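TrEMBL has this to say about the protein:
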ACT_SITE  A:Cys128  active site, acyl-thioester intermediate
ACT_SITE  A:His240  active site, proton acceptor
BINDING   A:Ser9, A:Gly10, A:Ala11, A:Val12, A:Arg37, A:Ser38, A:Ser158, A:Gly159, A:Gln313  NADP(+) binding site
BINDING   A:Arg98  phosphate binding site
BINDING   A:Gln155, A:Arg233  substrate binding site
DOMAIN    A:2-118  domain 'Semialdehyde dehydrogenase NAD-binding'
Protein chains: 2
Amino acid sequence: MKVAIVGVSGAVGQEFLRVLEERNFPLDQLILFGSSRSAGKKYLFREREIEVKLLQHNDDFKGVDIAFTSAGGGTAEEYADTITRYGTLMIDNSSAFRMKENIPLVVPEVNAKDAENHPLNIIANPNCTTIQMVVALNALEQISHIRRAYVSTYQAASGAGSAAMDELYNQYRQTLAKEKVSVEKFPYQLAFNLIPQVDVFTENGYTKEEMKMYNETRKIMHSDIQVSATCVRVPALRAHSESIWIETERPISVEEARAAFSKAKGIVLQDNPAQKEYPMPLFVSQKDPVYVGRIRKDLTNENGLTFWVVGDQIKKGAALNAVQIAEYLLTKR
Amino acid sequence: MKVAIVGVSGAVGQEFLRVLEERNFPLDQLILFGSSRSAGKKYLFREREIEVKLLQHNDDFKGVDIAFTSAGGGTAEEYADTITRYGTLMIDNSSAFRMKENIPLVVPEVNAKDAENHPLNIIANPNCTTIQMVVALNALEQISHIRRAYVSTYQAASGAGSAAMDELYNQYRQTLAKEKVSVEKFPYQLAFNLIPQVDVFTENGYTKEEMKMYNETRKIMHSDIQVSATCVRVPALRAHSESIWIETERPISVEEARAAFSKAKGIVLQDNPAQKEYPMPLFVSQKDPVYVGRIRKDLTNENGLTFWVVGDQIKKGAALNAVQIAEYLLTKR
């Protein structure tokens, strides 16, 4: 099996290398692609150096079985035909194809089956904040239909790429050294701050990031669920946290919810207040599962429940989810 | 007029000094009290040094008109009689008296009148997260009754005192120097992290901090509003942020809400997404008002609205609110 990573130099691209190696993904050949800035660089995979090829409109993808692409929406759209035309399955991490008809949007714990039908040879990987939320919501949807969800996010710097993570570090160094703080990757200084804007604003006052949580959740869950989100960038490094309230058709008790989260695939229940056990981004970094804790009844609504969800944004929120889609399809061959 | 500050060495005590000076509070004599750790220290007020007296069970409060106390719940309870028995009005920042009968709990923008009736010579200052929320809620309550509120907080280190702010700084220094990170004031490392626990847990799984937002809000607003809160400590320094959803009896439009916030006392409307204008804790630090932005319709409920509120935790969330209570009473003399 021949596998390609497109956009290998980015934070998610680098994570693809680690995840494929760590999971011993059954590939025989790995080909790396990048822009002119990263072409020629070399990365280690299974103790062998692989040189990054320039992504071009040519026949380089002929014979490639799966391409994991994480190169931004514009590049994904521009190269989709080049990548897929000889039958390569493109599993794309950008937002370009997520809401398109005939392109499945997949979180394996929730709608793996959707991945089997990909007439355009493209499968879309959802947005990071959506992935970790739907893994949690799906566990409760099995008990009672979820009508609505409120979610406040606490999103790590990693969502803006590895240069953004470096910038955050640097802002702390500058603050401690009493130097002028440089701001490039975020609209404002993030160190010692919060920025209640992720992605650009849409007409209804919500950001694109917030509307992704509305639209993608409905598509993945095949549900009429309504979601109102407030997305906030916080100075954490690579795991996103979410404070969620849901309203279900019939009341779900805390005990039922705990049991459902406990047995759900891809979830670790971490909910023991007496021992100060709850998920925190610093300790969820680099971990595969989605962590759930702080489960309580909604004090305003008998049919409501609230909980706290943390997941590694680069792993389950991006690279790992895409690789799990591929793994699922391999079991169906 | 003779004024005392009790617990002057703490973060809020220090802020009382600044706020009283900055507002030119009409006092003739200021007396400072502290524990044995701070007795003997000297602080500047109106360019004069004042030495901290040891808080004791004696007659030191005889002749004192107003005592601003911020010394923790235990000390407040222990010394309430000593402080008030000769007629001193105690405006207390701890949680000890907030829910007690015959003790008003006051946010001047919301229920100033309640301060006029203080039979026990004690007025309680609400919890910081509650203060900034009710200032915002009250502006909308004038349009339509608020039935319920969901709130996710993003609470700065300052809420745990000045040593906690130092600890956060130090954790960044240690992280950058690749030293072991020391953890004392918070249950876990806060640098590059979030801690979804503020104060201790209660029986229903909510923390005391979260239940304060439920109970205090109802008392201050004289309302049957129900509040479900998730309180999270974040690595900001001294302003708290809150992501809030409300449900009102009749729908409130974004335009109505903006108009209400604009004209409300104590609120600055900062809501211009096109120009990336919204409140952020780094820039609200040291400011008096409560800042409101990101106002949108709730996408799940016609009668719902969501917005983002930021306020300086030590100022409006503590010292300033207490001084405003005193100022209000002075106008009523």
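Cβ atoms here come from the backbone N, Cα and C positions, even for glycine.
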Tertiary neighbours of A:Arg98 (phosphate binding site) (same chain, Cβ under 8 Å, six or more apart): A:Leu105, A:Ala124, A:Pro126, A:Asn127, A:Lys212, A:Asn215, A:Glu216, A:Lys219
Residues of the domain 'Semialdehyde dehydrogenase NAD-binding' (A:2-118) by DSSP state, where helix covers H, G and I: 33 helix, 31 strand, 53 coil
Nearest of the recorded positions (A:Arg37, A:Cys128, A:His240, A:Gln313) to A:Arg233 (substrate binding site) - Cα to Cα: A:His240
Cα-nearest neighbour of the residue listed as 'active site, proton acceptor' within the listed recorded positions, A:Ser9, A:Ala11, A:Arg37, A:Cys128, A:Gln155: A:Gln155
Cβ-based isolation winner (fewest other Cβ atoms within 10 Å) among the recorded positions A:Arg37, A:Arg233, A:His240: A:Arg37
Other CB atoms, at most 10 A from the CB of A:Gln155 (substrate binding site): 25
CB contacts for A:Cys128 (active site, acyl-thioester intermediate) [other CB atoms within 10 A, all chains]: 28
In the chain carrying A:Gln313 (NADP(+) binding site), residues 6 or more apart in sequence that have Cβ under 8 angstroms from it: A:Cys128, A:Gln155, A:Ala156, A:Ser158, A:Gly159, A:Arg238, A:Ala239, A:His240
Residue among the binding-site residues A:Ser9, A:Ser158 whose Cβ has the most other Cβ atoms within 10 Å: A:Ser158
Same chain, 6+ residues apart, C-beta under 8 Å of the C-beta of A:Ala11 (NADP(+) binding site), given in sequence order: A:Ser158, A:Gly161, A:Ser162, A:Met165, A:Ile314
Reported mean pLDDT - the domain 'Semialdehyde dehydrogenase NAD-binding' (A:2-118): 97
Mapped DSSP class for A:Gln313 (NADP(+) binding site), helix or strand or coil: coil
